[in-house]
Amino acid sequence: MSKAKTLYEKIYDAHVVVAAPGETPILYIDRHLVHEVTSPQAFDGLREKGRPVRQVSKTFATMDHNVSTTTKDINASGEMARIQMQTLSKNCEEFGVTLYDINHKYQGIVHVMGPELGITLPGMTIVCGDSHTATHGAFGSLAFGIGTSEVEHVLATQTLKQGRAKTMKIEVRGKVAPGITAKDIVLAIIGKTTAAGGTGYVVEFCGEAIRDLSMEGRMTVCNMAIELGAKAGLIAPDATTFNYIKGRKFAPQGSDWDAAVDYWQTLKTDEDAQFDAVVTLEASEIKPQVTWGTNPGQVIAVDEPIPSPSQFADPVERSSAEKALAYMGLEAGKMLSDYKVDKVFVGSCTNSRIEDMRAAAAVAKGKKVASHVQALIVPGSEQVKAQAEAEGLDKIFIEAGFEWRLPGCSMCLAMNNDRLGPGERCASTSNRNFEGRQGRDGRTHLVSPAMAAAAAIAGHFVDIRQF
């Protein structure tokens, strides 16, 4: 009888090309996603050494990090952005790599574009020079971010040195209450594990609340696996996964489809497989979440008071809480709803898919954005934008006073003109609330799309359950 394995171990073992004694194993990489920010030096390295891209058919590029969301002009986000986008175009042309550039109908945030085109498939290894590559783990693929030198290594060899990680199971038992979203689930998880609780692990998310999620919701959860310190996040594929993939541009077809599904159905953790760590949450206890601090683990339910540093027994956590409250301009004991928001951002690789647009539009319909708030809706791709417009969501947003923008990473990381001014407070559907992430001295609160839209209308945080 062979040893019982976790889903992670099954995918990892199936991709080991070379495992020399005493050496880090070399894994085969099935898909390599490329964007304009972390690829220029990698292509330069190939050029210097006279190497081609080994597998152009497994390499896909797009522009997302610093594209403007107001115009398709590559000059709009400044000199550095223009150079990076022009360099990507030149590199993809020279090396024969597929590029969905700023004017292409498939352009979008790399972690939105890959899944919606069927590039992302269960059981694959997927890498990208971007920390939120974990998103693709929602399909039961092993997906993780890599550095620029590793980008060059994958371009040249289609392989990567990768040691075996520890495994963690995060089970969300039972069903969530009405109005609770995937974003609330994952923020509650990070609140429990802390922002470093998953360090050194690949996490598998499971339980009824996870199985109940759509693919969009599962992508939101896996996207933020990195925010609890994990290397990657995985969810076992099931009928929801297969229904989402079927018929997409790069999905298998005909008899290949049947064979693929047969294989994908084996991609689950064996019953008696052992995890190195197990974390359990009760879904019914999860409320709408809002971060109050400067890492995603500093999070509370919207109906809880802002915590006092004295509540933290660990001196490091206490000091971190003190610093976070000072930076965020918050007072312990008050409610987050006591503070007005200046900007609202619905978008990013965490929450910019069609389901997220629909959730925000359902809240916005027939209402008006508060007069002091600037609210941006940034679809994750041209495909999402077209779908939203076909459903009339853009009109709902514009009528309510939201700005309907072009696709890109936008205000998640302020590499274009979408950013916070010093001291501005933002309700954001993105994944990182670090100091300065959305602009120097900006104050970021992470929330779900519905919570963000409600904050835009009320002018401050509200409990979506009472909105």
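Glycine is no exception: its Cβ is also placed from the backbone N, Cα and C atoms.
Site annotation (Swiss-Prot): [4Fe-4S] cluster is bound by C409, C412, and the candidate from C349, C426 recorded at this site is C349. Cβ contacts within 10 Å of C412 ([4Fe-4S] cluster binding site), excluding its own Cβ and spanning all protein chains shown: 27. Under the three-state DSSP scheme, C412 ([4Fe-4S] cluster binding site) falls in the helix class. The most crowded of the binding-site residues listed here (C349, C409) is C409, judged by how many other CB atoms sit within 10 Å of its own CB.
Taking the mean position of the Cβ atoms of C349, C409, C412 as the [4Fe-4S] cluster site, the remaining residues of that chain whose Cβ falls within 8 Å of it are D64, H65, I109, H111, H132, G347, S348, T350, S352, G380, G408, S410, L413, S430, N431.
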